[in-house]
Amino acid sequence: MGLLWIYPSLLTLHLLTPNQALRTYPDNEVTLLDSMSALGDLGWVAYPSEGWEEISVMDERNTPMRTYQVCNVMEANQNNWLRTSWIPRDGAQRVYIEIKFTLRDCNSLPGVPGTCKETFNMYYYESNNNNLWFIKESQYVKIDTIAADESFTQVDVGDRVMKLNTEVRDISLLSKKGFYLAFQDVGACIALVSVRVFYKKCPLTVRNLAQFPDTVTGGDSALVEVRGSCVNSSEEFDTPKMYCSADGGWLVPIGRCACKPGFEERKDICQPCRPGFYKASAMDAYCVKCPPHSYSNLDSASECVCEKGYYRAETDPRSMACTRPPTAPENPISTINETTVTLEWSPPRESGGRGDVSYNVHCRKCSSDGRKCSPCSSGLHFVPRQFGISYAKVLITDLLPHTNYTFDIEAVNGVSDLSPSPKQCISVNITTSQAVSVILKERKSKDSITLAWQGPERANGAIVEYEVIYYEKNQRDQNYTVLKTKSNSMTVDGLKPGTTYVFRVRARTDGGYGNYGGEIELETSHEDMLAIGDPNQPTILAVSIAGGIVLLIFLVACFVVSGRHCGYIKAKQDPDEEKLQFQHGRVKLPGSRTYIHPHTYEDPNQAVRDFAKEIEASSIRIERVIGAGEFGEVCSGRLKLPSKREIYVAIKSLKAGYSDKQRQDFLSEASIMGQFNHPNIIRLEGVVTKCKPVMIITEFMENGSLDSFLKKHDGQFTMIQLVGMLRGIASGMKYLSDMNYVHRDLAARNILVNSNLVCKVSDFGLSRVLEDDPEAAYTTRGGKIPIRWTSPEAIAYRKFTSASDAWSYGIVMWEVISYGERPYWEMSNQDVIKAIDEGYRLPAPMDCPVVLHQLMLDCWEKGRSDRPKFGQIVNTLDKLIRTPSSLKQLANSSVWQDPTTPDFTVNTVEEWLDAIKMGQYKDNFSSAGYVSLESVLYISISELGKLGIALAGHQKKILSSIESLQTQGTHLQV
Ligand code: AMP
């Protein structure tokens, strides 16, 4: 039977078929054969000869196309074969065959016998031989029987409504060089319009700076593991790998490359740092500006060069500014006592930009006219040492009496040895003096004592004034008084009758104060009477005292003044006299609301004394260990202060074996906390420093830290309760920012919660961000920063301000609303930095009101001046609390899990519960008979209650996950 009836329709059909030139294929498909692209004869073999017939037709652009047709429907027992030419496999193990064909509906052909078919068969034969002329039918492997989705009738053709059938089949695990395809017709009316053979590959791609080559997919459904190679100017950070899936997609990128020093990542390539910028290590994310006093003139600098006169010490991080040697120390004061001298001085005006200034003292012994000097003998002793002194003070002992000495004090720092200029120093001349006699005149009455004294023969400098200290015998710890006078005598009145007082005197010259001398005890008389001694008859009380400055020593015993703070009031005795009064306890800062950094104190212990109350260890009862701090255990216990009620306290102790620096760092938290007084800031009760262990006592917060508290009570609070907590934190932060205190480590883990759900900001130690916080990571600039909580400008260039605290506050909001979820889930710190830089912000947690997410987003504004101030945050939250309806509208995304992790298929109830972090309910489900995923799909909230899942938050979480199971099948996003 001829094919006449079908040709016109085929022509029509071809006009509907896209032209080869216009055909595009996905970039992960490689075509091995395309019948539509053949210009000449396809050269396929058809047998018997009256079966398949090759027909050339024109498409609408007059491009010739090759088709094969067969339509021997009127005759029975058809077995017509059409074999393609040899198709090379090209390394692919699995190939796909896409055929486009039309098939005539038997019913639409008038008078065709029942042998008419509406299917045909497809086969293949693998062979290394590319010019076989004959293959036995039995040698072919059947791929499939192909039926049409759409057969057509003549009427359809006329109306041009007929569609082309497209079928795709695949053959896998090919191993020979190539193969032949064959189409067997057994009595149908078919036009084979196009045959395309292709395989799939995963196309070349760059992921995490590693390039993955074009990769042919595996033979069966297995993944092909591919190792990536680092792009130019990058190096392997962690072996980069990906998997090429059977359908030509890349999956599961692991590992990464990082741009080499001097280069930074920009859209899959590493580009050089611009002049003026540098990147020191591959670990750093971005090129950053050269630190102060350094520059880079060329591209791709891995470090910046110091400006002239500035240096970088070997151990300085490259992120540190270049620095220079310090200027000379200033204002030296010498205090001579017998054959020792104490030298004190002020730090240099310019430290050179460094914190490691130390001092060296050089000694010369000079003739009396000062002209001839020689180095001092080795017999002198320097305490703490002669070179590398850290505090601006040194004691020099074993001087020779009556000798001139010159001490040159030089300040040095870590770059002094790198500078060719001589070190800057200041000189102090002293003369040890001979022994002097001191004479005391005294006159006593029932309420006064008059003292008189005489200066030494040779004072080291002009005497400016004398200072007399006195107190009631055995009452030194309670109260003492200091009087000053310019004269050589003083009447101390206002004393109690018949009471013994202890007096000591020292002098101040223009070289500074001398040491206090010894003590003399004098008793006031019981009755008014004249002094025992005649004022005109001087009494010699002490003799033979060496010292250039210290003038009067009543007794030899030494008295140590410590632990007191003073304020002046005038004494009535003498207009020149001044009286200092000492008081225990905290110093009030009148009208001042500004935080004072403990480092502004030369003596950090003074800061502790000023801001923290000393507590007797005996008033504390330690009960149990509740946590571990950086410096030692944290315990809970009770504190009972005299005439106060017993209270619960937290006790942080400093573990044994600490260094001075550790002690200071530990106590710095108390000197900071002690300056605050606010209901949302953890309250300091006091410190124990006088005995060991050293302790910091604070109010006790029954519910511990906020992050673990929220995790423990997941889903259990109302939104208003959560907002109330946030309001408290914001209020505490407003107080801190008003005091100009920048916290730098605001995070839920550093908020404590008491039994009334009041949240208080804690963690104020100076070293906390550096050492204490396990979240802190090293940054480009060498500092340690809790990346996920820190604003971009603080990470990039340590711009820590109240605005960077506001950013952290936004993260705390997110932590609170998501009940302690980890910000940015398991993303790496680098990825977080990168994502933030690219504008990514944390999505709203599950059930988060839109207004709260908006407030978070406001806190995460890139420009720090665009972020709300804490005062504004408090106001906003107050408004929300007043109008709870404003919290009703929930943010659209109900992301409560990491949207960045790839889709994950769950197959069992257990896997599903683990995936949504509700694994604790596995037994509840299984014992109630919920063993398949399908069985949980229609579970109700009341059913969950019956299963023993009582927490509303957990019920919600499970139900919303079931919803997504319903919509997505088990292809659940986790
Ligand atoms: P810190 O050294 O301040 O980070 O404290 C370590 C841990 O001790 C904290 O995470 C809390 O669990 C606990 N802790 C510290 N201070 C208190 C306090 N005032 N009340 C209750 N627990 C506290």
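Backbone N, Cα and C atoms are what each Cβ position is placed from, and that goes for glycine too.
What TrEMBL says about a protein is an automatic prediction, not a curated fact.
Computed from a predicted structure; not experimentally measured.
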Per TrEMBL, the disulfide partner of C71, chosen from C106, C116, C189: C189
One of K652, K661, K690 listed by TrEMBL as binding ATP at the site of I626, G627, A628, G629, E630, F631, G632, E633, V634: K652
For the disulfide-bonded residues C106, C189, the one whose C-beta sees the most other C-beta atoms within 10 angstroms: C189
Spatial separation of C71 (disulfide bond) from C116 (disulfide bond) - C-alpha basis, Å: 9
Cα-to-Cα gap, C189 (disulfide bond) vs C106 (disulfide bond), nearest whole Å: 8
Model confidence over the domain 'Fibronectin type-III' (325-431) (mean pLDDT, whole number): 88
Candidate with sparsest Cβ neighbourhood (10 Å radius) among C71, C116, the listed disulfide-bonded residues: C116
Between C106 (disulfide bond) and C71 (disulfide bond): CA-CA distance (Å): 11
Residue distribution over DSSP helix, strand and coil in the domain 'Fibronectin type-III' (325-431): 3 helix, 52 strand, 52 coil
